[in-house]
Every structure is written in structure tokens, then in C-alpha cells.
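Listed in TrEMBL:
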- Cys118: active site, phosphocysteine intermediate (ACT_SITE)
- 27-173: domain 'Tyrosine-protein phosphatase' (DOMAIN)
- 94-152: domain 'Tyrosine specific protein phosphatases' (DOMAIN)
Amino acid sequence: MCKYFIVLSFPCNYRGHQITSDFFFNNFLQVWCLFFLARAVAHNKAALLRLGITHVLNAAHSKRGSIGNQRFYGNDFVYFGIPADDSTHFDLDVYFQPAADFIHNALKSPGGKVLVHCIMGMSRSSTLVLAYLMIYHHLSLRKALEKVVKKRAIYPNRNFLALLLDLDLQLTKKKKTCQIL
């Protein structure tokens, strides 16, 4: 039985079908012990409350098409916004540790459940979740990708994959250095 959950959201329109909260509740996919993946919920505070979501990480904070900010979520959720562009030049790696810390601390809190979302739910949010798995669960990039992709399609852009590969190399080097000491 899983104790903690992370939710990633998909766009509201999926494969030509409008996503409703009923569809959402009936279509969870469990990914690893820590993850539930959802189709579309970032804009539906009532659904988030019913799910027991306590924390929201918005990887597209203040971006055109983004849903939510602290004012939108109010006191019902702990909010963390990252103003990331889904581009080949955005340095998302500066947010890897703060995002991983936010997710980790949320999941450590009593009843903590996290919604991680961006605009499409494919690149920015998945990159931050992969970084979390690598940092806190000591998974290689390959293992983290395998765990998530088994249950859900993701598509981090090339730049984000390169940044995750750099993180993987740093963590592997750190692990080897610690073993020597």
C-alpha cells in the first residue's frame, strides 16, 4: 500500500475527449509506489480537495496558458511556482533541487499529496519529477525514466533531457566519491 502520492496533470482535452472530474477519478494510473498520474485537474480545486491534494507545484508559473498561482489556490494548498519555459534554452536545472525539496517535504508532511503540473503535463512537470526521483530516491536517469514511462507517456524536451543527464552524471560522481571515502 502506498503512503504518498504525486499527481501529474494532463491537458483538459485528451485525444479529442473533454476530460471531466469523473473521467479523472476513474483513470488514475499508479506509477511506482509514489505516483498517481492524472489526466486533468490543475484548474479544478474541488477535485484536488476530494483527492486530498495538499501541495501544488506549477512548473509553468506565470506562463501564457498556465493554470493557477498562489492566489488561485489560496490557503487550501501549499503552492510553489516555477516560471519555466518549455524551450531548448531554459535552464530548468536551477530548479531541480528546490522542486525536489518541495516534493520531498510535501510527501513527508502528514497526508501529503502533491500535484505537479505545467501546461501540457509532458515536459516541464515530468522533468522535475524525474529530478526528484534521481535526487531523493537515488535512481539513475534511466531507471527513473523506466519507472515513469511504464505507466505514462512523457516527453521532456532535448534540453531538459540533457540537463537530467548532467544531473545523473553529477549524482553518479558524488555516489562514487562517497563510496571511496
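Cβ coordinates are placed from backbone N, Cα and C, and glycine is handled just like the others.
Keep in mind it's a predicted model, so treat the numbers as computed, not measured.
According to DSSP, the secondary structure content of the domain 'Tyrosine-protein phosphatase' (27-173) in residues is 69 helix, 21 strand, 57 coil. Taken as a whole, the domain 'Tyrosine specific protein phosphatases' (94-152) shows an average pLDDT of 91 in this prediction.
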